[in-house]
Amino acid sequence: MSAIDGLPPLRDVIRRHDLAARKSLGQNFLLDLNLTARIARAAGPLDDVTVVEIGPGPGGLTRALLATGARRVIAIERDERALGALEEIAAHYPGRLEIVCADAMDFDPTPLLGGERAKIVANLPYNIATPLLIGWLCTEPWPPWYDMMVLMFQREVAQRIVAREDDDAYGRLAVLSNWRCETNMLFDIAPSAFVPQPKVTSSVVRLAPRAAPEPCNRAALEQVAAAAFGQRRKMLRQSLKSLGVDPARLAAAAGIDPTRRAETVAVSGFVAMANELNNIRNTKTQT
């Protein structure tokens, strides 16, 4: 990409700005420019699109997004050491890169969007990847402020996001993710593509928000999934007791045999049980 955008190779950028990756920040820098370009392309056409990127580091993916045609990139970076490298990219793409020095866990990018929708594209820091995703999935109101997420995770986490019922990786994260989004595993990235090399393979996942997910109280859905998968080897008639209602009633509302286990229940079944739980609680409140 240095031949395309005229910027120096990433290894030179890292050395010049003393950007040794820090484990405490969950940093693993992706230096393969073919892969950063592939991630950018996975987000679809970027012309006239604002992209929110988390943890850009030395800016490999940032450069790919801009070179691919993103009208504007909002790069949220906590590590002040990376700001100089990002400012060089901003100078190369005048008016198209906005750098925000902030912790993504505490920062709301929506005021910067001015009512526009965006796409989220990021090689997420491993140590905050799942909490960030859950926060985005819990956005209210829905549909959210983003049209798409293309995100990199440790492969084990990626599998938990895209899993379906009867998959070993199916659990609470899959229920929440697939209730609100269409999820797809796109491709894997070997440890050798990163500096430093992580011990595990990474995977890129695309999540496209559903315009109209099945109506459901999100808090109730999270509670039902937590109870069911908290004792995933037990039957629903046992695992759902912690909710303080009759598990058989929840299962019946979903047309599910209460002797089944959580891992066999589709997202629609969890939605039905959550709605029944919410109805029961609302009835108790009114009496």
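Even glycines carry a Cβ here, placed using N, Cα and C.
Among the candidates Glu77, Glu80, Glu156, the residue that Swiss-Prot annotates alongside Asn28, Leu30, Gly55, Asp103, Asn123 as binding S-adenosyl-L-methionine is Glu77.
Here the Cβ of Asn123 (S-adenosyl-L-methionine binding site) has 27 other Cβ atoms within 10 Å, regardless of which shown protein chain they belong to. In this structure the residues listed as binding S-adenosyl-L-methionine are Asn28, Leu30, Gly55, Glu77, Asp103, Asn123; their two most distant Cα atoms lie 20 Å apart. Proximity of Asp103 (S-adenosyl-L-methionine binding site) to non-local residues of its own chain (separation of 6 or more, Cβ distance below 8 Å) is seen for Arg78, given in sequence order. Asn28 (S-adenosyl-L-methionine binding site) carries neither a helix nor a strand DSSP state and counts as coil.
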